[in-house]
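Working notes, beginning with the structure itself.
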Amino acid sequence: MGSGCSSLSYSSSSTCNATVFSISSSPSSSSSLKLNPSSFLFQNPKTLRNQSPLRCGRSFKMESQKPIFDLEKLDDEFVQKLVYDALVWSSLHGLVVGDKSYQKSGNVPGVGLMHAPIALLPTAFPEAYWKQACNVTPLFNELIDRVSLDGKFLQDSLSRTKKVDVFTSRLLDIHSKMLERNKKEDIRLGLHRFDYMLDEETNSLLQIEMNTISCSFPGLSRLVSQLHQSLLRSYGDQIGIDSERVPINTSTIQFADALAKAWLEYSNPRAVVMVIVQPEERNMYDQHLLSSILREKHNIVVIRKTLAEVEKEGSVQEDETLIVGGQAVAVVYFRSGYTPNDHPSESEWNARLLIEESSAVKCPSIAYHLTGSKKIQQELAKPGVLERFLDNKEDIAKLRKCFAGLWSLDDSEIVKQAIEKPGLFVMKPQREGGGNNIYGDDVRENLLRLQKEGEEGNAAYILMQRIFPKVSNMFLVREGVYHKHQAISELGVYGAYLRSKDEVIVNEQSGYLMRTKIASSDEGGVAAGFGVLDSIYLI
């Protein structure tokens, strides 16, 4: 079992990081950041509006983080050379996405390629917080597994949400059928990502959410780290920073290793790994980077199918073997299926049920998927709930230290505070994929609307403490052009977990993803198209 940062390779001291990019340069209030890979990377930027001052009864001034180098000392000619070399490296090494202006770029490989939006140089991140995030990852992995086994907890916690959220209701129906059949998942695989921000007000590393399905960018995030290491080896002396402070990021390798071990546990050498994908996916190269490791390192056949194709081509045999297109499936790896848009018809829901009824290893199972929901995360933050699943008091304290404030809308006092000071809260629906959160005065308006409509609608949302990170000046590169912005970053730490009955085979921190957006944007309406990938520079 891996713990701490041991699963990443270091040279002396190292670092890992990632960033997000926008086209506006006006600094303003920041927000916690949940970015959909398919939206924030591939849509055209729009001009951002300055945000209104927070109506919090106090003046909040965002603090700028001390840069690891002085951008003003880098002349334009030097920066242009860095950008040129970065774009060449990206093109040669596959740090690319599909260009939305090309019609076939989402389903025909090699058509309409462009470099992924990137931070030109890595972002400073305190080493102590980096180690904290690494150290708790195996604990969160174990927590997810234990929660997933408590079917009553999942059903009870989400029972009210089921009444107001059709998507969650359909997932719960599948879960309920598995409980009725007493269906056991002897082999359980989770490829997770835990997202954090550094809160300037409390000087704490606070978790934004746990992601248990379709955790994107293990491939591209690894490449961004390698890109930054390459640039710093060439230009670090001139800039005044050391490439050895950027940690080696092995996210794709470790995810592929976990998938391969799950495939081995299934014990059918002729079976394949099936990746569930969207019909159009301009982030396909991130997915193919992982698939290529499975083929080349582990000699495993990988197939890609949409849920509609699984329903059309799939069946479950008497021994519960999943057959798709005439091939037995050992592992089902979801890179789709996390939003209602991924289930436009009954065909997709039939496929989800078919997969769940089979003996294939699911990544994630329906129980793991539900465990990652916003409501379950809010329930876990309640006093005494972690103790239901974990015994070690020190481990529980480590996890609780990462929790931001999370509340049900049944808490009338918190709702009152959020109406009075909406800038201190984020309102989150039961949705994955980004672009759904509610900020600022919209929090007040939605809470007042729900009060008029009655309490039933409350179950569709939770309230979270709004996190205010420090701001960094950064060069952000999109479509071959760099811009300087004040930006904020979000650290995602990957975790891999594999269990076969009573044996834990894998439980480790598995690399990282850094994303950044400009400080003036909220998520909703402006986050799409304003993100870049980045890496960490440990300080």
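Just so it is clear, glycine is given a Cβ too, placed from its N, Cα and C backbone atoms.
Lifted from Swiss-Prot, the feature list:
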{"type": "BINDING", "residues": "R193, 213-216, 281-283, Q287, 335-338, R515, 526-527", "note": "substrate binding site"}
{"type": "BINDING", "residues": "E209, N211, E432", "note": "Mg(2+) binding site"}
{"type": "BINDING", "residues": "E209, K374, 428-437, Y439, 464-467, E490, K517, E523", "note": "ATP binding site"}
{"type": "TRANSIT", "residues": "1-61", "note": "transit peptide"}
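The binding-site residues shown are E209, R282, S336; of these, the one with its CA atom nearest the CA of R466 (ATP binding site) is E209.
Taking the Cα of P429 (ATP binding site) as the reference point, the closest of the binding-site residues N211, S214, S216, Q287, S336 is N211. Here E209 (Mg(2+) binding site) is positioned 18 angstrom away from S336 (substrate binding site), judged by their C-alpha atoms. Neighbour density for S214 (substrate binding site): within 10 A of its CB lie 25 other CB atoms from the protein chains shown. Its Cβ taken as reference, R466 (ATP binding site) is surrounded by 29 other Cβ atoms within 10 Å in the chains shown. For E209 (Mg(2+) binding site), the binding-site residues whose C-alpha atoms fall inside a 10 Å radius of its own C-alpha are R193, out of R193, S216, R282, Q287, Y338, K517.
Of all Cβ atoms in the protein chains displayed, 29 besides its own lie within 10 Å of the Cβ of K517 (ATP binding site).
Other Cβ atoms within 10 Å of the Cβ of N211 (Mg(2+) binding site), summed over all protein chains shown, number 21. In space, Y338 is the closest of the binding-site residues Q287, Y338, K517 to N211 (Mg(2+) binding site), judged by Cα positions.
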